[in-house]
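Undergrad: Sharing a structure, written as structure tokens. Questions coming.
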Number of protein chains: 2
Amino acid sequence: MSTSIATTSYEPLTEETAIAYIEKLNQKLGLFPAPSLLLCKEIGDGNLNYVFHLSDSLSGQSLIIKQALPYAKVVGESWPLTLRRAKIEAEALQKAAETVPSLVPNVIHTDDDLAITIMEDLSDYTILRKGLIDGETYPNLGRHIGIYLAKTIFHSSPFGESQQEIKEISVRFTNPELCKITEDLVFTDPFFDHDTNDFEDHLKDTVNELWKNEELKLEAAKLKYTFLTKSEALIHGDLHTGSVFVTAEETKVIDPEFAFYGPAGFDLGLFIANILLNTISKTAIDEQQHSDLYQTITETVEVFKEEYKKLCQNHHVEAFIQTEGYVDYMLATIFEDAVGFAGCELIRRIIGLAHVADIDNISDCQKRLCAQKNALELGSTFILKRRNFRTIHQLIQETKDVLK
Amino acid sequence: MSTSIATTSYEPLTEETAIAYIEKLNQKLGLFPAPSLLLCKEIGDGNLNYVFHLSDSLSGQSLIIKQALPYAKVVGESWPLTLRRAKIEAEALQKAAETVPSLVPNVIHTDDDLAITIMEDLSDYTILRKGLIDGETYPNLGRHIGIYLAKTIFHSSPFGESQQEIKEISVRFTNPELCKITEDLVFTDPFFDHDTNDFEDHLKDTVNELWKNEELKLEAAKLKYTFLTKSEALIHGDLHTGSVFVTAEETKVIDPEFAFYGPAGFDLGLFIANILLNTISKTAIDEQQHSDLYQTITETVEVFKEEYKKLCQNHHVEAFIQTEGYVDYMLATIFEDAVGFAGCELIRRIIGLAHVADIDNISDCQKRLCAQKNALELGSTFILKRRNFRTIHQLIQETKDVLK
């Protein structure tokens, strides 16, 4: 379902025009039972997208209208940003729904010209980052993300999909503008004295040391190259804890506007790093919280491996799959890449443009400084020693050592 | 310059209609001075393409019309093959001409609907494979191919080109059908008892041994995965000695219909392997010939490295390029991949569907068997030990040891 309107017809919706838009669509698609009484509220942060919550007071039904804006305030003042990302996001959600329907919001309708996606209302869910900052725990989270990663990666990789189909998909998900943001903000700028960087004065010496660390920069350069050239699977591309909706039981991965054919370890790395940024933000006395977070990461990685192996056994399209050691080699490589990417993410969230509330919201300056330094140290260690960590347990042990 | 005719208008040219086609075009483009007296002769092998040699008896000028046929006899009876490959080939030649104009034929005109490329006449040149089989030597060949590889790879890689431009180019050169041929015939079928394989009875035991070698298959699987997922540069994709035209002084790389964004070491690996297949075909008493061929490979690799380093110094777009060890690391990785790919090529030219005349034309059965076994042994060694060969000299030493 895709409405086609001339490209020039793009204009940002308001709460009023959003209602009019849905009323018109309702006649065609029967989104709400007649008669309806529609109410609309803009609930997005307005930085990148409008998000309208639309509900029918009569039936009690509701949905979300997400509309991309043609710029990205968060990246820099008036940085223009392609509206095509709305199409990529909607198609990535639809692609994920083919393999993990319960782990993504349901897309109801798309409109390329208005850069609109109409989807399932997840108002009952909380953004994972907020939940973690509030000290909530999510016992199913690790398992869900592990399954999400295994299925989305396997089924879009040469192990689970034919090369021809992959080339076709990868053309559809060619995403240069958003990849450029990651290239710059995650892999380049934080390792150089670049004007997009944003870090606190008390970190100046530490950051200067990092910029002079040639060994670290060489390994970061290799990871950047991997990001730019390893086209293994259709990945989410921005799987931090702000891209996950949760309830006590459920998990929904949202916002895949950075989706593209990239390294299979990238999503896992970002997810691990963002859980660890929350871990780092908690003082060491929050022992139960630390332990819960480690448990989440452990389950993510172990469920991912287990599920991936099962898929390789039962659904592969690769003649070499039975070759002794091949699947284990692939999992080890994905994990190694993931650890490296996690390292880059830890560093860029402290030095780079886009920070995380987990750390920034620590009001005690000394504690904040300590958390920032821990993140930088852990990030550097992950990047430098990524080949040495063979299991998630070793990674967690290293984290514990740094946080001591 | 691109003529647009409805797609349904495709039909194979004959010598007569080729003349009519050029006469019509001549009015627009002035290819030959008026008056002209055009003669036409089909000179291709007719397996994949028609190649017409068109000359004007009055001016003495000539050109080549290459037309893709919608099937590929060589790959299998009536295997249909996209006509789009003509467009990819012409565009790849034009892309290469931006950086190495003297090393590719000049494209004069293209016609997508007829799958036609009109190009410079290279009738004075010899196909390198034929020249080598005839015992000719080409003192400039290594240098030319080294420069060709360095420039085409660097300028289409993230070291020499922006990620955005790369994504745009890589979409244009998405080439699933021809990549599938390489995937199957180079990387899969020769390692399994597959019906596309074609090897002589006397090799049965050796081939059976190879198919049971799990270590070799694991490394071949990794190289196949690299071929499928490493999108480093716009590569030729089929750089064997049948894709190179030579004179005593000049070199022209032709037929890039397999071009796509792939691993930077692939072309180098194929070229090395095909020179070595010729080396292997010569008896050990042809010492001067062996030495000339080793010299060609050595120069190819050394000029490639030297030229690539110069380009990194002077034309890079990569912030990390000055990072200690980065360029050397990249060159080492490209070489390692190339050695592995060379190994796969050596093996598939003996076991797989498409052989090389260098080996097949050895009339003495014992000598042919010996050459075939040498190629298989060398191929296996390259695949298994590719990380151990740090220089081309080590690779040549290994070759000498096997050929002893």
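Quick reminder: no glycine exception, Cβ is built from N, Cα and C everywhere.
All annotation found in TrEMBL is predicted automatically rather than curated by experts.
Below are the features listed in TrEMBL for this protein:
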type	residues	note
BINDING	B:ASN49, B:LYS66, B:GLU120, B:ASP121, B:LEU122, B:ASP255, B:PRO256, B:GLU257	ATP binding site
BINDING	B:ASP238, B:ARG348	substrate binding site
DOMAIN	B:41-274	domain 'Aminoglycoside phosphotransferase'
Undergrad: Tell me whether B:PRO256 (ATP binding site) sits in a helix, a strand or coil according to DSSP.
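TA: The residue in question, B:PRO256 (ATP binding site), is coil (DSSP, three-state).
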Undergrad: What is the separation, in Å, between the Cα atoms of B:ASN49 (ATP binding site) and B:ASP238 (substrate binding site)?
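TA: It is 16 Å, counting Cα to Cα.
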Undergrad: List the Cα distance (Å, whole number) between B:ASP238 (substrate binding site) and B:ASP255 (ATP binding site).
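TA: One finds 8 Å between the Cα atoms of these residues.
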Undergrad: So if I draw a 10 Å sphere around the Cβ of B:ASP255 (ATP binding site), how many other Cβ atoms end up inside it?
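TA: If we count other Cβ atoms within 10 Å of B:ASP255 (ATP binding site), we arrive at 23.
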Undergrad: Report, in whole Å, the straight Cα-to-Cα distance of B:ARG348 (substrate binding site) from B:ASP121 (ATP binding site).
TA: 32
Undergrad: Sort B:ASP238 (substrate binding site) into helix, strand or coil using the DSSP assignment.
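TA: Where B:ASP238 (substrate binding site) sits, the three-state DSSP reduction gives coil.
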Undergrad: When you look at B:ASN49, B:LYS66, B:GLU120, B:ASP121, B:LEU122, B:ASP255, B:PRO256, B:GLU257, which the record names as binding ATP, what is the longest CA to CA distance in angstrom?
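TA: Largest pairwise Cα separation, rounded: 18 Å.
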Undergrad: Give the helix, strand or coil assignment DSSP yields for B:LEU122 (ATP binding site).
TA: coil
Undergrad: If I restrict to non-local contacts, at least six residues apart, and a C-beta distance under 8 angstroms, what lies near B:ARG348 (substrate binding site) in its own chain?
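TA: The answer is B:LEU185, B:VAL186, B:ASP189, B:PRO190, B:ALA354.
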Undergrad: Other Cβ atoms within 10 Å is the metric here; tell me which of the binding-site residues B:GLU120, B:ASP121, B:ASP238, B:GLU257 scores highest.
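TA: Answer returned by the neighbour count: B:GLU257.
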